């Protein structure tokens, strides 16, 4: 059963103790008898008496009542002076009733046992008195009784080697703990450096003798009993140690002062570490951005598709692997900055100002530059890929047309330079003339191809084709040769016309064959060129257009075949005439180089190329169908994920402004919400995979969705950042509420008023809404257009303070304005107003309080010594103060004096540290 004092604190567990005491170890009983007897005599001697036998001398109750009067300072009821048993029981009952009146519930202890001299019950009663009047009231750092006494011992003996106080039995066996307590408060009484852990008898006797001689603490323990017992009696040790606590209670004031300084220094050290962490994280992030932007801004083009595809793959790796961790670092940096500022504000410290160029806004600006460069780089990559694709197509087309033209011109110069007309007959000359006319027709038909070759070369130059010099050289050779052919054709034509009057014989059938065969041959060559021409399409509509054109071409083949049969019919007619009239044919048709075999070969080639073209169109149509499937696959997911992200953003906005439970409940809800969002990440990754397939297929548009992968990425990053920031805001609200003393009801009232006037649930208030909200909270806002800003100006704020009970003069109001409006903007935000009210009402440490604490440690001197700091403060914080305190230069200065006053003001930003 637990026993409680008047304040409800546990100070003993009496029933369990007494159950154990029924089987009390004889060695422990001996220690308790000696310790309790000495403790009682230390108080009874103040009344001029003492006891010799603890169970015998308290039997009549008289000395027991006298002991209680001495230790309590109160008068008990008048004792019975008779010698009878009933008188003794009456006196003991009066003593026990007095103990019970002090909030002590006595269990299993009655007056009869005390009167009968029951040793164990008597020892139990004395231990109850010791607990109540010597140990219960001990309080150290919000702990009391046994725990408080143990913490006091640990704090006092912490600086001493070989001392580790963890309990009130074996931790004291070597005697060093007692010696450390004496040396900590009276170092002149014991030379602690000469003590040895392996000599407990000397240590214990030294402590007991010094305590009895100089500290007026009677010798309650025997060194032999402690050393000879495996586990000394805890009650005896606690009783004796409590005498040290009360003897040194005068040093409690210095300990309290040291505690305050430790608390302040711990806060300062933690804030300094947070500042260093912020600076490092900001520097690393800015350095990464500085290295990455030049890479994204590099627009050096590549000459091949393979090289550009590698650049695109590198960019995908950057998006997928390198950037996401930096997004997290940026978000964490903003959270750390907000948390640090909140802690500085709550601890009454100046706001943290990062190094130049490392503000959150600087990092946001650098991040914006990075994303701008990233967007431009992606657009450039796609445009370059399209350009190289176009260049490859044009270059192949140039080579095909050039090869066809060069094949056609082969031997033409030699033919035009022949002088066969000089020895030809009339029929031969006429044949030569007609042949030349057919050649001129053929030459004119090839003019378009030469112009196409020149146009393609020009476009390749304009698109900066990497092999433009060789293209230009080949084009120039073709053009020069074309000009030469034109000149030679004109020259030969003039020569034939001069001899035309001499030669009139012409074979009309050959001429007709030549005239019809040449265009038909040219048509077949054009058809073969078109059938072998490469094509690039990006949509099903485009490939369907090509297929339609191809079908239209195939529809013309029957008519073309009729033309071929007609041309071959002319040749057959010529053959028939030659055979009929035995015409001497010297060679082939003099008007054309085209023969029926060539026409048939080219016609067969055209018929062979048609199914090949069919197959190419079918394959391309299948590819475009697959691309369309990829578009729809991406669109189906994007059309779900995009609205989902938007919905989650809106839901987070509603959660941040609605009140559902305490701030801790809201924080728990948000963290669960954050977990559900993170669990959605595989769907984003799946969409990234589909997007990669689309890019690998060189698909550049998607009519099935308005969402791009960039939209999804930005939305996802914003969603993660928003939930993290919202959680951080709730955490900072909890810090403000707990540190500033703002109750949950007040926080709910502010939020309820805000939500009531936020009718569009946007998380913000317009000017009129904000004005109405202020009025609902008791502010008297004049109907003035310049006050519709969601802020209070100086006059409104002053009136508000006066209405709340502040008696403000101009000087006092100027001081308050300098706090809530440090930038002198003439307006006060709601957060500034809440911070001011919290600062005015909250119990926070100040520079004056810290200065007063140092003065206590210094013994009311205007300076403090390093040894005094090391004696009263933990080692790390003592060295922290010594390293940062300036030397004291006052008139009462001594060597090694330190200025704790300037150090205290510097902690709160009132001077430079």
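Just so you know, glycine gets a Cβ as well, placed from its N, Cα and C.
TrEMBL annotations: computationally assigned, not manually curated.
Range 429-463 is the one annotated as coiled coil, of 429-463, 464-498, 499-533 (source: TrEMBL).
TrEMBL assigns the feature coiled coil to one of the listed ranges (208-235, 236-263, 264-291, 292-319), namely 264-291. Taken through DSSP, the domain 'Calponin-homology (CH)' (143-249) splits into 65 helix, 2 strand, 40 coil. Here the domain 'Calponin-homology (CH)' (30-134) has, by DSSP, the following mix of helix, strand and coil residues: 71 helix, 0 strand, 34 coil.
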